[in-house]
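Report on one structure; see the data block that follows.
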């Protein structure tokens, strides 16, 4: 018998990826074509997998309490209508059905007093999942079967093929349609040029023609309006919000990971905080009870007789206060002694609100649904199934309504309104934190300081506020009067740089400079010092000109020669000696490195530092100040002017200077083998050839460098000016086309003008010819009419005879 392949089973990660790629290519309507890529799945299973698991809009986070309440209420209202319930909750129908059954099974386990730690919907070993499309994919094995590898390669090849037969046919049809449109357009143009107008028949659209009309157009009213607010004001761009992660937005994987982390923390807190339910599950007691301890109160600190005495004293003080008010006595002494103590302050300390009694609505609804599911037939009669009282408040999330308190009903002997949950507190009644104090009644005024000040302040009473201001003012005045007189006079003398130091200290106190600004300022100081130091060097170091790698000390003449040296020769020897010292110093501190070579690769310019150090120890290098160098420069300039006037030298032109430079430069030849320069007339033919080869190589290197630089600049200019060039080419082409049209129109105009001239000259002749033809025709008609009349008379005559 042939092998029968039954499609279905657990979904693998490879199949999920193929399904997602196929949906991206073929869409969500060609499930048969998508299923042809998956050998073990049918089209119906692929569609169910997409709409039940792979769709990005599916919510896979943990169920919240509001969603569970809404699910149970909607299941009661619309039983078995999961496709209708799913979009209301925001889940899929399979998720709603699965969680509904999970809640019912969990309730049944709790009623049967079974263990509820495990998931009741979890599959047992050997069972087959009836809905594998709603479960996570199984990871791919390391060693895949040949069938799976073949399926994967086939799917990869088919999905990568974007130019199939249908795509080519569509492209061909599109080209034919474009050709037909262009042909019809050309035909209409030719007919219009010939003077034949053809109205294009347009199909009447049923709705709005968006090519002819402007939908929802609202024309502006007539009149002048102020348009100053329409000016665009450029905002400062916040480049911190233009990063790539801000532009891309939050990824779906990051959002789901954050939701999963929240779910884990929620479960952990639920296990830690729901201790009574855990005790109930382990002990089996249906109701959590706790034995209350005996109430122990402290002994009374005042007897009834003492309380009566306090009441009598209060009544007496009240009578005295009223008498003083009626008599008009309002001085500070009487107001202090006769203060009011029988009115309770409105600022009552905040009492801890009682936790409102609540019930587990999810458990009640699940029990009601189970009771309705297991009810017997109503034909037996009897009482109805007992159910818990419930309403439809669980369909929407519950929220507490904020109410404004009623100030009329807030009396001292009622429940404090500022402690009620969800009510707006009144001004002046915000309680102050009082440690180790029982909230209760507090006197409104306490002029004799009997009670602490924390619980007696009532800022809503204007008289109390004024009294406090007067007392504070009086206390401040007495304190200032009690200050001792000054004993000594002091005079403070600030140093010279005190203001600058104070300004720097204030700047340091008020403003903390950024580390980058500090580094930039230090770098600027170092650069300035480097530039200042560089100005003290000679021109060869400042301009980074080539310098000799070795110092030739043989140019010095011996001092003890016969005949002895003249003063001019001695001066020249001093200049040579100073030049040699400067060369040793520069080779030690500022060695020359050609720009074409890297550090450490200059073999020809390597120097012996010990030799330079030894020479500088015998002949130290002396550094001069800027003023000394300026004086020496001025002396040289003066001497040059004297020599120029004495020798009658004029200004040297650039052509003469270049000629002398070329002649001098042609006499010097560089020997690459010896890494030195020599005179050209002293070099051999081989040395000249090597020198020319070296110069050719250097020139080729320069040419290559310049070519690369030119190519880079050309590429940059092409990027910058490519759009302008293409635009210029397009405009030039349009200009040429317009010029051709102008020439063609001018030619046609001249042709029609010549034709008009010929027609104007030929029209009179044609008119004469036509007139002659008409005249001849009239004469012939006249002759024929006359002949007809004669023949008619002859006929009548003959008839009369016979």
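Numbers here mean position along the shown chain, with the first residue as 1.
Glycine is no exception: its Cβ is also placed from the backbone N, Cα and C atoms.
Candidates 352, 396 were compared with Swiss-Prot; the annotation phosphothreonine appears at 396. Checked against Swiss-Prot, the range among 31-54, 55-78 recorded as DNA-binding region is 31-54.
Checked against Swiss-Prot, the range among 193-199, 200-206, 207-213 recorded as region 'Required for interaction with CTNNBL1' is 200-206. Taking CA atoms as the reference points, residue 219 (SUMO2 cross-link) and residue 227 (phosphothreonine) are 17 Å apart.
Residues 550, 596, 666-670 of the same chain, all 6+ positions outside the coiled coil (676-701), place their C-beta atoms under 8 angstroms from a C-beta of that stretch.
When each of the recorded sites 135, 219 is scored by how many other Cβ atoms sit within 10 Å of its Cβ, 219 comes out lowest.
Over all protein chains present, the Cβ of residue 377 (phosphothreonine) has 6 other Cβ atoms lying within 10 Å. The Cβ of residue 385 (phosphothreonine) lies under 8 Å from the Cβ of 371, 372, 375, each of which sits 6+ residues away along the same chain. The distance from the Cα of residue 303 (phosphoserine) to the Cα of residue 377 (phosphothreonine) comes to 72 Å. For the pair formed by residue 377 (phosphothreonine) and residue 135 (SUMO2 cross-link), distance between Cα atoms is given as 37 Å, rounded to the nearest Å.
A simple way to gauge crowding: the CB of residue 303 (phosphoserine) has 9 other CB atoms within 10 angstroms, across all the protein chains here.
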